[in-house]
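Peer 1: First the structure, then my questions, so here it is.
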Amino acid sequence: MESSMKKTMSNGSVHMDMEEIDNKFEEAYGEHNATEDQLITPWTVSVASGYSLLRDPIYNKGLAFSEKERDAHYLRGLLPPAVIDQELQERRMMHNLRNYEVPLHRYIAMMDLQERNERLFYKLLIDNVEELLPIVYTPTVGEACQKYGSVYRRPQGLFISLKEKGKILEVLKNWPERNIQVIVVTDGERILGLGDLGCQGMGIPVGKLSLYTALGGIRPSACLPITIDVGTNNEQLLNDEFYIGLRQKRARGQEYMELLDEFMYAVKKNYGEKVLIQFEDFANHNAFELLSRYSSSHLVFNDDIQGTASVVVAGLLAALKLIGGTLADHTFLFLGAGEAGTGIAELIALEISKQTGAPTEETRKKIWLVDSKGLIVQSRFESLQHFKKPWAHDHESIKDLYGAVQAIKPTVLIGTSGVGKTFTKEVVEAMASFNEKPLILALSNPTSQSECTAEEAYTWSQGRAIFASGSPFDPVEYDGKVFVPGQANNAYIFPGFGLGLIMSGTIRVHDDMLLAASEALAAQVSQENYDKGLIYPPFTNIRKISANIAAKVAAKAYELGLASRLPRPKDLVKFAESCMYSPRYRSYL
């Protein structure tokens, strides 16, 4: 430690406060390097009391504190005598998790671990990502949100309600971390396919940001989950004695937008131009409006619209190796014309336009959407919401999905309806009747809302479907062959996408960055994956995948003149890897 940073206390010990540590060790994120073992000691807490050190999740190592650390930081007697390493702690924790039969109990155990030992939590998640991803995110996080009032332990982010109107900047300053790079915010109105969960939607920002760290390497201290509570229209929650949010109907119109305007202004004022604000699970009528309203003044990203679109386009690009042709050769039919459906459709149209040089007005004609009233056609134009109007093509009116499949004869069927069991046997059989390898994507979450199951898709298509879903399904055996369903999970895209924006200092999101992310993900699918019928790579390599996505996104940002970090690093993949947070323990000596 440099002498200029030391302070001698009355007992002769050395004291260093955390602000000085932050200023001492700077790196790409503006704080101490997340990937190097700096000799940093949390003096503020350890000198005051070793007991406090054990209760600080950022620094606690549990039984992994060495003998010398126990002597140096007043931990003698506060821990059992055994000293075990992080790997053994991980094995023990995984053993305990696997003993829980109920997924929600595993979720609660993981949240408890995050609150007492942050590094061990992320090491578990990184090393066991395929097993734990369905626990910390969809589908289990959906149930956790539904029961959030009952399982609530302590705040894991900021709750900003109508009560805080006029003082949101002060509320942001209550959060202990100053160098925030990613905010995930929801108003809880459309949580997964579960509807309005109000304040209890906080489970989504918390879950998404844990994936930003585990899969994309963003430091935990740079992540801030926020729930904006404007009430709920869910009568069950309003009458629930354990509900933790405002007990009133949702604010709409001017009152709602004034709160959001103040929030966006305060975030930029407090954290600067380059903080990434990810909108999550807003209802359709607000999601499009907010993205349009702030995309020219803030670094904003809507995962439901843009992230879903990017991961699906990646799957389509990869699937071409299995079904043949180019994107322009295929016809796409969507069930669902909300945020996800129209967002995916627009990105497909942009990618076809990029590949063929045709205007998007022309490329949109290969893409058809069905909503709750039937096929979106020109005769419905005047009554359509603005985001559906580009998809109103000339065709006779058709009221149901099966009729649309028969008339349009799509090669690709995509479900974003949020309604389960809508890809019926007759729909899948119709797809298989005029396609050798029908591509079927049942994307709605959680599993209960999936348009069909993997088993149904393979069985009804006689094993010919190329299938992927939003939530995970187990492998399926049909006619002596094992099919491994892919998962079109946004977690493939948003962690690497966010890392690319942050490490390049990007100030605005551009559609070309989303296409760059799609192409980067598609390029990670190996021949071995294709041989199993997969159109997405396994999550076991997710950090490598994220680094490659980050590099392509950053490269596009530099190309478009939207990156502020200069000079541009020579090797963007290596730079991305060097920026990633490492969960291994540090030495406190």
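Including glycine, each Cβ sits where the backbone N, Cα and C put it.
Worth saying up front: this structure is predicted, and the values here are computed from it rather than measured.
Sharing the feature lines straight out of TrEMBL:
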- Tyr137: active site, proton donor (ACT_SITE)
- Lys208: active site, proton acceptor (ACT_SITE)
- Arg190, Asn445, Asn489: (S)-malate binding site (BINDING)
- Glu280, Asp281, Asp304: divalent metal cation binding site (BINDING)
- 114-295: domain 'Malic enzyme N-terminal' (DOMAIN)
- 305-558: domain 'Malic enzyme NAD-binding' (DOMAIN)
Peer 1: Within 10 Å of Arg190 ((S)-malate binding site) (Cα to Cα), which of the recorded positions Tyr137, Lys208, Glu280, Asp281 do you find?
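Peer 2: Neighbours among recorded positions, in sequence order: Glu280, Asp281.
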Peer 1: Using all protein chains shown, find which of the binding-site residues Glu280, Asp281, Asp304 scores highest when you count other CB atoms within 10 A of its CB.
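Peer 2: Result of the Cβ crowding comparison: Glu280.
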Peer 1: Taking only same-chain residues 6+ apart in sequence, whose CB is under 8 Å from that of Asn445 ((S)-malate binding site), what do you get?
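Peer 2: Expected: Thr138, Pro139, Gly142, Leu192, Gly193, Gly470, Ser471.
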Peer 1: Can you tell me how far the Cα of the residue listed as 'active site, proton acceptor' sits from the Cα of Glu280 (divalent metal cation binding site), in Å?
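Peer 2: For the residue listed as 'active site, proton acceptor' versus Glu280 (divalent metal cation binding site), the Cα atoms are 9 Å apart.
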Peer 1: What's the CA to CA span in angstrom from Asp304 (divalent metal cation binding site) over to Asn489 ((S)-malate binding site)?
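Peer 2: Cα to Cα, Asp304 (divalent metal cation binding site) and Asn489 ((S)-malate binding site) are separated by 11 Å.
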Peer 1: Using the recorded divalent metal cation site (Glu280, Asp281, Asp304) as reference, state which further residues of the same chain have their Cβ within 8 Å of the centre of those residues' Cβ atoms, listed in sequence order.
Peer 2: Thr186, Arg190, Ile191, Ile204, Phe279, Phe282, Ala287, Asn302, Asp303, Glu339
Peer 1: Provide the number of Cβ atoms within 10 Å of the Cβ of Asn489 ((S)-malate binding site), excluding the reference atom itself.
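Peer 2: The answer is 26 other Cβ atoms.
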Peer 1: Rounding to the nearest whole angstrom, report the longest C-alpha distance spanning Arg190, Asn445, Asn489, listed for (S)-malate.
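Peer 2: About 18 Å separates the two most distant Cα atoms.
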Peer 1: What are the non-local neighbours of the residue listed as 'active site, proton donor', defined as same-chain residues 6+ apart in sequence with CB under 8 A from its CB?
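Peer 2: Once residues fewer than 6 apart are set aside, the residue listed as 'active site, proton donor' is near Gly207, Lys208, Leu211, Ala491.
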Peer 1: Taking the Cβ of the residue listed as 'active site, proton acceptor' as the centre, how many other Cβ atoms fall within a 10 Å radius?
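Peer 2: Result for the residue listed as 'active site, proton acceptor': 27 neighbouring Cβ atoms inside 10 Å.
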